[in-house]
Structure formats: structure tokens, C-alpha cells
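Engineer: What follows is a structure written as C-alpha cells; I'll ask about it next.
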């Protein structure tokens, strides 16, 4: 019966080409996968590294027939046990985890598996990654700041250099606190290196801030005015957020290029990062070619999860863009309100100076002072609208583009696998024709080619399964971070609005006696 079933096999343990990139990502995995079969053995078993769901494209795995009395693994998850419980030992891996400073809880809630029939059971598998994430928490003891923008050089050869300061207790770094000077092209070069390593295997690489030819040209050839200062501050804040998101990723944090960027006093000059260059034009051509290929590839998606997520991100992208436009309009209106308030304050002050009535003149002068203070409040609120809300939306519009990029790479991986299968079929047909035509001298060559393409088909299948598995984990981590970021920003934004309104009330309450004193 169900209680006497043996645990599922642990797999043959064959490594794939991508498993070396999986190290360190366990801390941030929050995707929960639904099992098709769950034995009621007292010891939970880990899934094989290359296990795929029944909805995955390609050859289907052998189905397991379940008894009707399926158990709800979380039906009575009420018992608290120590982390040293023997029931956890088969799940936890002995492999070394990334050097982080974890926060380890003293107790952990463990579900008890009871032989209890449920009318509508929901069975979940708690993977090794999720157990470790729950035990260790999403904490990386590393703080990164970008500050002190400095103009280096003159004319069109000038550029902005930024100080990147890192504070950490992670053992992978040589010091606990260090700072380096980096220019904007260095940030672009870092993103290019990380994307070339990890994007095509399913990792979501945070995008770097976009180049602005107009804004940087003003900084290079123009004098230091308010617009140039505002542009430099926007870029500094964007670069800081980019690095903070990058080091939050457990796999990217361990990349040697990232550590070199943070620690090395001198970096090789980043090349092919200019917008108006041969490499820049080539990138635009490649993007256009990828868009055309995406339209021509017709992937038979049989995994409902991927189909649902792609539609979800398409809708989310559209709504975020609409909200971003609205918030930018709000920022513009707030700045206009600030300018009009300043003009009103100036006019009220001039009227107060020309007024003969002493009490009325004093009241008008006080009104002008209040309006000047309100003008400052409007400027601060416009600043909060932009840096708290608008920039968050802008970042996530680019992040969702990166998410859709990994889905596109999965489609390319499937297309490569499909092409290998078609080529293998043609090779087998050619071999059959040779055997019918009795050409023994070419049959051996055909057999060798068939073996070669069979290996390519198997490798393509493994690559596709691995990138699908990685994307599931990455999307789960992305969703968790997205909710956390929006919650934090919305709370801060509402607090700024409340503070602004409270300050307005104080200003008007202080002015009210002056208005009543007019006689």
C-alpha cells in the first residue's frame, strides 16, 4: 500500500554542462514545485538533478500511478523540531554553501506525514534549496554604495568617475571594507561579461543603466547647471541600485569578474560599450535579428507553467509602463506646482511691501514666507516621487525585459534541440537508403554520423531540461524580490506623503493667528 512504497530513485547523478553554475543559488530559491507522486515514506527523498515535470517539452518520463489515498504533506504541520532532527538529514546537502553570514533559527516547523485520506489533497515537495533558504534566510552580509561623482578630463574626452565602496564580512573578499574608482563604461563592461556567462543558461542578470548621449554630452561640454547635476545624481543612484541587485544574486556574487570589479584598483578598459560605434550598431542589428527569429520560431509549448508566466510578464510589463508614464507626469506637475507656488510667494511678498495697512501687510508677508516653505515641500515631494517610485518602475521595466530574455534563450535552446532531432532523422533515412542501395563503404560513415547526432540530441535535451529548471528557480527568486522591493518602496513613499501633509498643516496652523489678527 502507500505506506509500504519505496522512495523514488535518486537518479544516476550524471552531471550536466550547467551544474557548475548552480553553486550558491540555493539560498534564494523560493519556487515550490508540485509533485506528481509523493510516497509516504518517513524519509523525504531529493529529486534527481535533471528531473523534469510532466509538462516539459520533449520526451515524456515514465508516469507513476498513485493510489487514491494521497496525503497532504502540510495537513498537520504543527510540530516544531530541531534542525538536528534526523528527518532533515537526507534533504540537507553536504556540499559547501556560499560564504555568507546566515541567520539560523533555533527551531523549524516540519510537516508530519500521516496516512490520512483527503478529498482534495495538495501535495508539495520541499526541496533541499527551500529547506536551506528557510533555515539560513535571504541575508548576504554585503553593502555597496556609489558616491562622489567626479568629472575627469575636459571636452568630449571627459568622463564621470564614481567611488564604489563595499563593506562585507564575506570570506571571499580579501578585506572587510574597500573602495575603488569606476567609470560608467566599467559598469557596462561588467554587465556584458555577466550576461555572456549566465543569460543563455537561464539566469536573470540585472540590467545596467542605459546610456544617455544627450545627458552626458551636456555634462562634458556644458557648465555645471541644475540639469547636469540632476543627471549625474540620477545616474549615480541607478548605478548603486544596479550593483546592489547584482550582489543579491547568489550565483553572480561568486563570479570572479564581479569580485575583480569591486576589489581591483585598476581594471582593463571596457571595450565595445559605446552607443555610437561599430559594436553598438552590431548589437542593434543582432537585437533586430533576434526579434525576427522569435517571430519565426513556433515552439510547441506543453508546459503550462511557462506559458502562464510568459503571459503574466507580458501583462505586467504593459501595466508597469503605463504606471511609469503616469508617475513621470505626476513628477512634472509637482515641479510645475512648486514653480507656481514660488511665483505666488514672490507676488505676495511684493504686495505686502506695498500695503499701507500694517496688520494686512504683516499677514501678506507671513503668507509669502509660508508659501516659500510650501514650495520647498513640493520640491522635496517631487524628488520623492521620482527617486522612490518612478525609478523603481523604470528598474523593473528593464528587469522584466531581462526575464523575457531568459525565456527567449529557452526557446533558442529548444530550437537547437529540435534541429538536432531533425538532422538525426535525416541521417537515419540516409543510412537506410545506403543499406538498400548496398553501399557498405558509406554505411560505417553514416553510422558514425548517427552516433554523433544522437549525442547532440541527448545533450540538447539535457540543456533544455536544465535551462527550464534554472528559469523556474530564477523566476521564483525574482518574484520574491519584486514583492519585497515594492512593499519597501510603497511604505517609504506613503510615509513621505504623510510627512509632507503634516508639515503643511503645521505651516497653515502657524499662519492662522496672523490672518485672524488683521483688524
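Here the Cβ of each residue, glycine as well, is placed from N, Cα and C on the backbone.
Not my notes, these are from Swiss-Prot:
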type     : residues : note
REGION   : 1-104    : region 'Disordered'
COMPBIAS : 27-50    : compositional bias 'Low complexity'
COMPBIAS : 93-104   : compositional bias 'Low complexity'
MOD_RES  : 97       : phosphoserine
MOD_RES  : 101      : phosphothreonine
MOD_RES  : 104      : phosphothreonine
MOD_RES  : 117      : phosphoserine
MOD_RES  : 119      : phosphoserine
DOMAIN   : 140-269  : domain 'PX'
MOD_RES  : 185      : phosphoserine
REGION   : 260-519  : region 'Interaction with RhoG'
MOD_RES  : 277      : phosphoserine
REGION   : 278-295  : region 'Membrane-binding amphipathic helix'
DOMAIN   : 299-519  : domain 'BAR'
MOD_RES  : 469      : N6-acetyllysine
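Give me the local environment of each listed feature.
Structural biologist: DSSP assignment over the domain 'PX' (140-269) gives 65 helix, 28 strand, 37 coil.
In the three-state DSSP scheme, residue 469 (N6-acetyllysine) is classed as helix.
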Engineer: Tally every other Cβ atom lying within 10 Å of the Cβ atom of residue 469 (N6-acetyllysine).
Structural biologist: 23
Engineer: Cα-Cα separation of residue 469 (N6-acetyllysine) and residue 185 (phosphoserine), in Å?
Structural biologist: 33
Engineer: Within 10 Å of the Cβ of residue 185 (phosphoserine), how many other Cβ atoms can be counted across all chains shown?
Structural biologist: 17
